[in-house]
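Q: Attaching a single structure in structure tokens format; questions to follow.
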Amino acid sequence: MKFKFISSLTFNVAIALAYSCQDIENNFKTNNISCSPLLCYDNRSNEASELYYSTTSESLTSIPEFIFEVTSLSRLLFSTGHLEVISKDIGKLNNLSYIDFSHNQIKEIPKEIGNLENVYEINLSFNKLTEIPETMGNINNLKKLDLSENNITSIPTSLGNLGRLYELNISKNCIKSIPSVLTNKQSLDIYSEESYSSKCPNYGRCGEKYGSCPDGQCCSKKGYCGLTSAYCSSAKGCQSEFGQCKCGSENGQCSGGRCCSKKGYCGLTSAYCSSAKGCQSEFGECKCGEVNGQCSSGRCCSRKGYCGLTSAYCSSAKGCQSEFGQCKCGSENGQCSSGRCCSRKGYCGLTSAYCSSAKGCQSEFGDCKCGSENGQCSSSRCCSKNGYCGTSSAHCAIIKGCQSEFGVCK
């Protein structure tokens, strides 16, 4: 920027000199830039207000730096067909209301464009952009935004902050999905067409190399996004790391330690994994415990709060939680917890099937009941006044009510 310094005894004041269209033309000539395609209009203060520059010059790959000193500009069009870079100094042109950088080779827009709060229309069509900065959501007065004919793969959700935006053109890009914050805007017209497969060869792909599918879509075994059983069935190799996958009697078991929800989708959150919310333990992991509830289908709740059928889940000796699922007991699986009984078949429980001595309750590995309904205690145990088998004084002392008909008494 040009400055004029006015000196005094104590300080210097810097005053920015205004640029007229003649100043701009002189700068073009000084920098050996052709002026033939230049159109420029001054405002009433003899300051450059509108600048239009359109040419096919291959030598001009960036906007001349002095243009970003012309802070009086309200409209700026710059198209050379070969423009590759937009300087971050674009953020200095605070008076801009219209920007047209279409038909160039621009690959990136600087985040400083978000400083231009007065802009109402931006045209960036026919470039090589792959993404749009989040800061564009700060341009509060923006009404029209043309991003068509680029290589953009996603749209920032910050554009949903633009309350005055009524037209968004994103056609002929590589966009997988449009944020709902935009599609739900009734006042916004969105122009979106199919992407060209030749232009976007990876469009619709997923996996380690390509990333995840759009929300709600499934990633097939071969790495393509879709919605049918061929893409979504876990039994057919759906990749749950890169999209939604289905599970259940028709779609098989979830992979990668994921849970199968009540509605038959694979995931890792409480909505999928909580037994209390209907997690299907036959088709994936399920969680159990105070927060997640009881395991279903006769499964055991492990010490760490997962449902399963193996010794790691079911053994009382390994911390199986009998309040939230089945638990095993006996010589291999240890003693039942929480006052539960160990049945003849080696399962912990509280009903007569588990606790009745007459039905084979194993008193070495849990509580057992005795008496007229539950029979005689085994293994030289005593039957207490309250009908429980044991070896302590509370069970065996005659003065405490030991029942000699159903066990030993002392």
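A Cβ is built for glycine as well, from the same backbone N, Cα and C atoms used for every other residue.
Per TrEMBL, the features are:
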- Cys213-Cys225: disulfide bond (DISULFID)
- Cys218-Cys232: disulfide bond (DISULFID)
- Cys254-Cys266: disulfide bond (DISULFID)
- Cys259-Cys273: disulfide bond (DISULFID)
- Cys295-Cys307: disulfide bond (DISULFID)
- Cys300-Cys314: disulfide bond (DISULFID)
- Cys336-Cys348: disulfide bond (DISULFID)
- Cys341-Cys355: disulfide bond (DISULFID)
- Cys377-Cys389: disulfide bond (DISULFID)
- Cys382-Cys396: disulfide bond (DISULFID)
- 203-247: domain 'Chitin-binding type-1' (DOMAIN)
- 248-282: domain 'Chitin-binding type-1' (DOMAIN)
- 285-329: domain 'Chitin-binding type-1' (DOMAIN)
- 330-364: domain 'Chitin-binding type-1' (DOMAIN)
- 367-410: domain 'Chitin-binding type-1' (DOMAIN)
- 1-18: signal peptide (SIGNAL)
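Walk me through where these features lie, including what they touch and how far apart they are.
A: Secondary structure at Cys213 (disulfide bond), taken from DSSP and collapsed to helix, strand or coil, is coil.
Neighbour list (Cys218 (disulfide bond), Cβ cut-off 8 Å, at least 6 residues apart, same chain): Cys225, Gly226, Leu227, Tyr231, Cys232, Cys238, Gly243, Gln244, Cys245, Lys246.
The secondary structure of Cys254 (disulfide bond), as reduced to three states from DSSP, is coil rather than helix or strand.
Mapped onto three states, the DSSP output places Cys259 (disulfide bond) in strand. Cys259 (disulfide bond) counts 28 other C-beta atoms within 10 Å of its own C-beta, drawing on all protein chains shown.
Cys295 (disulfide bond) carries neither a helix nor a strand DSSP state and counts as coil. Within 10 Å of the C-beta atom of Cys295 (disulfide bond) sit 27 other C-beta atoms, taking all shown protein chains into account.
If you draw a 10 Å sphere around the CB of Cys314 (disulfide bond), it holds 25 other CB atoms from the protein chains shown.
A simple way to gauge crowding: the CB of Cys348 (disulfide bond) has 30 other CB atoms within 10 angstroms, across all the protein chains here.
Reduced to three states, the DSSP call for Cys341 (disulfide bond) is strand.
Following the DSSP three-state reduction, the secondary structure of Cys377 (disulfide bond) is coil. Around the Cβ of Cys377 (disulfide bond), the number of neighbouring Cβ atoms within 10 Å comes to 27.
In sequence order, Cys389, Gly390, Thr391, His395, Cys396, Cys402, Gly407, Val408, Cys409, Lys410 constitute the residues six or more apart from Cys382 (disulfide bond) in its chain with CB-CB distances below 8 Å. In the three-state DSSP scheme, Cys382 (disulfide bond) is classed as strand.
Note: the domain 'Chitin-binding type-1' (203-247) comprises 10 helix, 10 strand, 25 coil (DSSP; helix = H, G, I, strand = E, B).
Same-chain residues lying 6 or more positions outside the domain 'Chitin-binding type-1' (248-282) and placing a CB less than 8 Å from one of its CB atoms are 229, 232-236, 238, 240-241, 288, 291-297, 299, 307-308, 324.
In the predicted structure, the domain 'Chitin-binding type-1' (285-329) carries a mean pLDDT of 96.
The list of residues near the domain 'Chitin-binding type-1' (330-364) in space but at least 6 beyond its ends in sequence, with Cβ under 8 angstroms from a Cβ of it, reads 311, 314-318, 320, 322-323, 370, 373-379, 381, 389-390, 406.
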Q: Measure from the Cα of Cys348 (disulfide bond) to the Cα of every one of the disulfide-bonded residues Cys254, Cys295, Cys307, Cys314, Cys377, then give the nearest.
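A: Closest by Cα: Cys314.
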Q: In sequence order, which residues at least six apart in the same chain have a CB under 8 Å from the CB of Cys307 (disulfide bond)?
A: Ser275, Cys279, Ser281, Glu285, Cys286, Lys287, Cys288, Cys295, Ser296, Arg299, Cys300, Cys301, Tyr313, Gly325
Q: Tell me, how many other CB atoms lie within 10 A of the CB of Cys213 (disulfide bond), whichever protein chain they belong to?
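A: A count of 26.
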Q: When you measure from the Cβ of Cys341 (disulfide bond), which residues in the chain that are at least 6 apart have a Cβ under 8 Å away?
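A: Counting only residues 6 or more apart in sequence, the Cβ neighbours of Cys341 (disulfide bond) under 8 Å are Cys348, Gly349, Leu350, Tyr354, Cys355, Cys361, Gly366, Asp367, Cys368, Lys369.
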